[in-house]
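Some notes on the structure that comes next.
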Amino acid sequence: MALVSAVPLNSKLCLRRTLFGFSHELKAIHSTVPNLGMCRGGKSIAPSMSMSSTTSVSNEDGVPRRIAGHHSNLWDDDSIASLSTSYEAPSYRKRADKLIGEVKNIFDLMSVEDGVFTSPLSDLHHRLWMVDSVERLGIDRHFKDEINSALDHVYSYWTEKGIGRGRESGVTDLNSTALGLRTLRLHGYTVSSHVLDHFKNEKGQFTCSAIQTEGEIRDVLNLFRASLIAFPGEKIMEAAEIFSTMYLKDALQKIPPSGLSQEIEYLLEFGWHTNLPRMETRMYIDVFGEDTTFETPYLIREKLLELAKLEFNIFHSLVKRELQSLSRWWKDYGFPEITFSRHRHVEYYTLAACIANDPKHSAFRLGFGKISHMITILDDIYDTFGTMEELKLLTAAFKRWDPSSIECLPDYMKGVYMAVYDNINEMAREAQKIQGWDTVSYARKSWEAFIGAYIQEAKWISSGYLPTFDEYLENGKVSFGSRITTLEPMLTLGFPLPPRILQEIDFPSKFNDLICAILRLKGDTQCYKADRARGEEASAVSCYMKDHPGITEEDAVNQVNAMVDNLTKELNWELLRPDSGVPISYKKVAFDICRVFHYGYKYRDGFSVASIEIKNLVTRTVVETVPL
């Protein structure tokens with residue numbers, strides 16, 4: 001049933017679908033017509049199905065409309081349906097479980113005093129290497145207790161000058177200290193960046209030898225990785241990032257193509273805030289075996305690598321089924337008939353899979369993909385296609401949150417409204433099983449605020465009003481939609497989120513406010529030109545220029561990017577500060593979703609134009625397996 005004609009205006013029936021299944025049930029809608037005042041007597045408006053590269057079209061109803069000419073969905077149903085995998089056999093899971101046990105034994109051996117893996121001259125670095133390896137290989141969820149034990153041991157030997165390679169090394173080591181600073185900080189330990197001061201010369205500069213050995217390059221590579229986990233005001237981290245970036249770029253000009261050069265290029269390009277875990281795992285699997293600077297037994301490396309490949313491919317078999325389910329959902333609601341809008345459900349799902357690779361988190365991955373897709377459709381309706389009269393009707397319908405409200409909507413809006421209504425209610429039911437309380441009212445409030453911000457922007461477009469920067473940002477933090485894409489899928493994860501915890505993660509916490517501000521500003525630096533061409537004048541860039549007469553567009557973009565950099569350091573602190581009373585793992589979900597959108601806006605507006613980078617991400621992380 002096509003979305004544009006899914007529910008005729010005089011129909012008393014509504015096609016209901018479930019979020020995680022596709023059983024259809026026809027239910028009668030209340031016969032009472034909603035008292036919305038603006039409801040037009042029986043007039044329905046269906047959009048023209050012809051695409052245009054212009055920004056203004058006239059439909060068969062004679063209503064002038066703007067469309068953006070977005071390209072079509074790149075992932076056809078046949079491609080999704082034909083995805084195959086050979087890793088569903090129980091034998092692969094059995095082998096992976098055996099390897100998990102063997103790796104646990106390796107962790108256990110590290111706790112044996114003066115054992116084969118615990119030389120007092122290298123035990124600290126060995127523990128850090130193991131933790132870092134299982135995390136980057138995407139298998140750390142199996143070793144949470146072992147990781148905590150290893151890091152507790154390292155932290156017990158941490159000093160104001162850092163650490164050496166082992167507890168009896170006698171001298172601090174840049175590689176171990178940098179890796180320790182990064183890893184301990186990310187796990188919530190209190191460690192000061194001032195340990196890096198002890199690796200500067202008398203002039204206060206980081207130094208290196210003229211000959212760039214592989215070992216020294218890896219030292220600086222870990223310094224670079226550590227420098228990205230910076231808090232506000234940490235000048236030493238800024239200096240470390242500048243030095244290590246210059247050093248590594250220079251090294252790339254001198255060393256031959258190798259796993260090391262591939263790793264350097266990857267980390268310089270994606271850093272931390274645009275680095276998605278499964279994307280890094282795919283890269284690290286390719287280069288893991290080439291690092292021989294640390295004398296870890298070959299057998300350990302082989303076990304870790306085999307386990308990482310198996311887990312990557314076993315997860316791929318689950319991804320295949322979830323993608324096929326998502327594709328059916330997309331067709332089932334008639335979304336393909338909405339040709340004036342973007343269709344990026346496959347890309348959104350991929351981004352979710354890149355930050356949530358636990359098989360138990362299927363509801364999160366599918367929920368994020370579906371909500372993000374529906375928000376994108378609504379964005380195109382409010383920003384371009386809908387008339388102001390229609391948008392007021394849709395806004396009132398969302399505020400009412402009643403399926404009978406569709407009787408007052410144009411045909412092309414009916415299916416969109418019911419898709420949101422059905423799926424949010426279904427997701428709330430899934431969340432209630434975990435949270436123990438009804439999350440529908442919580443979700444409704446967030447959607448009301450979101451739609452309210454959308455209609456405000458539509459009014460600005462309609463009237464030609466250009467707000468001040470502060471006025472724009474306050475509204476834009478809500479209209480970006482990150483709160484919705486974060487909160488509702490997160491409630492389906494397997495841990496409880498009582499009100500006290502939610503207040504530290506969701507609105508109006510500083511943590512949530514920073515994420516919303518960062519994403520609005522970052523998105524605008526990549527979208528403002530295309531938005532302006534469609535008649536959407538208000539953006540962070542244009543509003544900043546209004547507040548600062550005479551400033552050039554380039555300088556305004558630079559100023560907004562500088563704001564993003566500063567806010568990102570504040571976000572690092574809010575994520576990792578030890579006194580928040582909220583486990584980092586809870587906040588990490590929202591933080592990782594922030595990274596998802598950071599990645600999407602890294603090169604351009606990757607959510608309007610499915611760039612080669614996004615296509616490659618889908619291919620390498622959810623379409624292809626890795627050879628064993």
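Glycine too: its Cβ is placed from the backbone N, Cα and C atoms.
Residues or ranges marked as transit peptide in Swiss-Prot (evidence: sequence analysis): 1-48.
The feature Mg(2+) 2 binding site is assigned by Swiss-Prot to Asp379, Asp383, with similarity to another entry given as support. Taking all protein chains in view, 20 other C-beta atoms sit within 10 angstroms of the C-beta of Asp383 (Mg(2+) 2 binding site). The secondary structure of Asp383 (Mg(2+) 2 binding site), as reduced to three states from DSSP, is helical.
Residues near Asp379 (Mg(2+) 2 binding site) in space but far in sequence (CB under 8 A, at least 6 apart, same chain), listed by position: Tyr454, Gly481. The Mg(2+) 1 binding site annotation in Swiss-Prot covers Asp379, Asp383.
Positions annotated as motif 'DDXXD motif' by Swiss-Prot: 379-383. Long-range contacts of the motif 'DDXXD motif' (379-383) within its own chain (CB-CB distance under 8 A, at least 6 residues past either end) are made by residues 68, 70, 340-342, 391, 394, 413, 416, 454-455, 457-458, 461, 481, 531, 534, 536.
Asp531 (Mg(2+) 3 binding site) falls within a helical segment according to DSSP. Taken from Swiss-Prot, the feature Mg(2+) 3 binding site covers Asp531.
Listed in sequence order, Tyr472, Asp524, Cys527, Tyr528, Asp531, Arg532 are the same-chain residues at least 6 apart in sequence whose CB falls under 8 Å from the CB of Ser539 (K(+) binding site). Annotated K(+) binding site per Swiss-Prot: Ser539, in sequence order.
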Surrounding CB atoms that lie within 10 Å of the CB of Asp531 (Mg(2+) 3 binding site), all protein chains: 22
